[in-house]
Amino acid sequence: MAGATEGEDTKVIESKINELNIDKPKLEDNNEAKGNGNGNESGGDDDDDKEDDDDNDEITEPSTSTSSGDKKKKKNKNKKKKKKKIVSIDSSYPEGIFPEGQWMEYPLEDINSYRTTSEEKRYLDRQQNNKWQDFRKGAEIHRRVRHKAQSSIRPGMTMIEIANLIEDSVRNYSGNDHTLKAGIGFPTGLSLNHVAAHYTPNTGDKLILKKDDIMKVDIGVHVNGRICDSAFTMTFNEDGKYDTIMQAVKEATYTGIKESGIDVRLNDIGAAIQEVMESYEMEENGKTYPIKCIKNLNGHNIDDFVIHSGKSVPIIANGDMTKMEEGETFAIETFGSTGNGYVLPEGECSHYAMNKGVEHLKPPSERSKQLLETIKQNFGTLPWCRRYLERTGEEKYLFALNQLVRHGIVEEYPPIVDKRGSYTAQFEHTILLHPHKKEVVTKGDDY
């Protein structure tokens, strides 16, 4: 999830939940298009894995004759195999040990050699195993969900259909109805073309994915508040129009990952990213467009139940001498654009999150107080969107929601856009800074 200008065990996680006064949650069930924001949009629950995609084929049994001489044909009976329902990935990993991400050495050789040989550091890292397993479980869910998305999303689908496909898959793989235990880490980003981030459809949105669109797919998965944040860009144009910007952004992201590490200054990471990104140009209709870093979008560190936790990882040289530290978690993401390289808020808002440390703020009305309790019970400080509120049964909530925003209790995150007619792309991974090495926990075969 775009950012703009830990060794805890289960008891600590539960205490964080209790601090929010959380009871059992209620049943869980822009571009230019706008929705009404108050309807109920339910997603299908029959998602299946890619390997099950052929299970819908109709099987026709052959007709047989009923007597010698007469050839009476029986009506063919078409039988459909039932789709295989996605089940929690816990069934695949009964011991609770999930696949590790990609391990990488730290860039600073003197620090790296010390940490690799330090038994004490490695011992301390093992003591945080529950934390790492939460991240690895979330990452494995993320890989399976995006595999489903990449094999299923096609032009002609509505944004609602795409969002439901992804989000229902996250819910099913997580296998937990308590949204604060495991599930969606933040609203699914499906930003098109000049829209760089923070677009997800509201109920009633009729926007349809077109063949010439370039779509950023930003998916968040959390387990016990440990959030995996990873994004990729999809295109369907067959003439290779977007190949250059895709390559620029992907390479810039991998450069940021390579340069990240304990004691590395944030400015140095941004400078390395910028050098790679801005070495590319994109051609369209005989014109050449330089690929620019979107300078007011950043990567960010992640804390439990908090997607943007204070430190920002720039994608340009910005003079920030703050260092990354051992044990921190970062989302390394880069955005490239053929436009101004600067984004502004525009369009109907869908993304929201309750701010931290707002316990002393009093909701201005009884309705906003009741809505705030729904938010606490179901999301805590995790980001959410209007559709998620509606799954809890909330209706006619917009006035109360806007009250919470005006009083600083809830933060709104509207879509952010570059100039119209430009194209933007994004790639992102979550990295864990272990004492001896870094782990690109969300890395997969796809990106």
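Count begins at 1; order follows the chain as displayed.
Any Cβ shown, glycine's included, is placed from N, Cα and C.
When H178, H194, H198, H300 are compared with the divalent metal cation 2 site residues D229, E333, E428 in Swiss-Prot, the one appearing in that site is H300. When the candidates D213, D218, D243 are compared with the divalent metal cation 1 site entry in Swiss-Prot, which names D229, E428, the shared residue is D218.
All protein chains considered, the CB of E428 (divalent metal cation 2 binding site) has 26 other CB atoms within 10 Å. Neighbour counts were taken as the number of other C-beta atoms within 10 angstroms of each residue's C-beta; across the binding-site residues H198, H308, the minimum falls on H308. If you measure from the Cα atom of H308 (substrate binding site) to that of H300 (divalent metal cation 2 binding site), you get 6 Å. Residues M1, A2, G3, S230, A231, G299, F330, A331, I332, H429, T430 surround the recorded divalent metal cation 2 site, their Cβ atoms falling within 8 Å of the Cβ centroid of D229, H300, E333, E428, which are themselves excluded.
Taking the Cβ of D229 (divalent metal cation 2 binding site) as centre and 10 Å as the limit, one finds 30 other Cβ atoms among all the protein chains shown.
In the three-state DSSP assignment, the secondary structure recorded for E333 (divalent metal cation 2 binding site) is strand.
D229 (divalent metal cation 2 binding site) sits 13 Å from H198 (substrate binding site), taking the C-alpha atoms as the reference points.
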